[in-house]
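Participant: Okay, so TrEMBL annotates it like this:
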- 1-22: signal peptide (SIGNAL)
- CYS32-CYS49: disulfide bond (DISULFID)
- ASN109, HIS114, GLU119: oxalate binding site (BINDING)
- HIS112, HIS114, GLU119, HIS160: Mn(2+) binding site (BINDING)
Amino acid sequence: MKCAHFILAFCLLALASPLAYASDPSPLQDFCVAINDPKDGVFVNGKFCKDPKLAKAKDFYYSGLNIPRNTSNPVGSTVTPVNIAQIPGLNTLGISLVRIDYAPNGGLNPPHTHPRATEILVLVEGTLYVGFVTSNTDNRLIAKVLYPGDVFVFPIGLIHFQFNVGKTKAVAFAGLSSQNPGVITIANAVFGPNPSINPDILVKALQLDKNVVKKLQSKFWWANN
């Protein structure tokens, strides 16, 4: 009887394993160009699919990643995403791309996390200090200074950042293992949600004075993407 229970449990785990992918599930067709109008589509993985016979080159195309972005903002960086919103043909393909521009002398892509994707970043210009923090209870910082041509990986779901430690601008490109990786900027999520988190919760969680918490909640938290 125990043997039968073990075999049953093993089979259930085996059946459940496809649900634990580290990226979007593999598509079951060549492509699924996302459309907003469901009239002529089939709903797959968060979007309606265009009839494959109607797909065109523009559904798989984006132009402009060569253009430097304006980094004159409070954090000194701008993220240009190329995901399913820009290329509908990415739907179900489990991959996307970003360009990140950093201002000289301290341009920062603030601590954030991608709930649905691992990120692999390549620096093409400038000097960046990058890193991520491992999960509880270790909370270990793994960080390194990058130079042009260097590559660094940020594992899925972990808080990470990039900081320009050079005197000139920096530019990086990153691939993400999801068509729609999502982003949660930590400061924005804690101090800037709508409606606000009860200050008493943040006072206790962060061990801060209540006036400090209210001041932080009153600030405008910049989204750089």
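Cβ from N, Cα, C; glycine included.
Please treat TrEMBL annotations as automatic predictions, because they have not gone through curation.
Looking at the shown structure, what environment does each listed feature sit in?
Facilitator: With a 10 A radius on its CB, CYS32 (disulfide bond) counts 26 other CB atoms from all the protein chains.
Listed in sequence order, PHE154, ILE156, GLY157, LEU176, SER178, PRO181, GLY182, VAL183, ILE184 are the same-chain residues at least 6 apart in sequence whose CB falls under 8 Å from the CB of HIS114 (oxalate binding site).
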Participant: Can you give me the same-chain residues 6 or more apart in sequence from ASN109 (oxalate binding site) with a CB-CB distance under 8 Å?
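Facilitator: In sequence order, VAL75, SER77, VAL79, ILE100, TYR102, PHE161, GLN162, PHE163, ASN224 meet the Cβ cut-off.
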Participant: List only the single closest residue to CYS49 (disulfide bond), chosen from the binding-site residues HIS112, GLU119, HIS160 by CA-CA distance.
Facilitator: GLU119
Participant: Return the residues near HIS160 (Mn(2+) binding site) by Cβ distance under 8 Å, restricted to its own chain and a separation of at least 6 in sequence.
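Facilitator: Expected: PRO111, HIS112, THR113, GLU119, VAL130, GLY131, PHE132, VAL133, PHE154.
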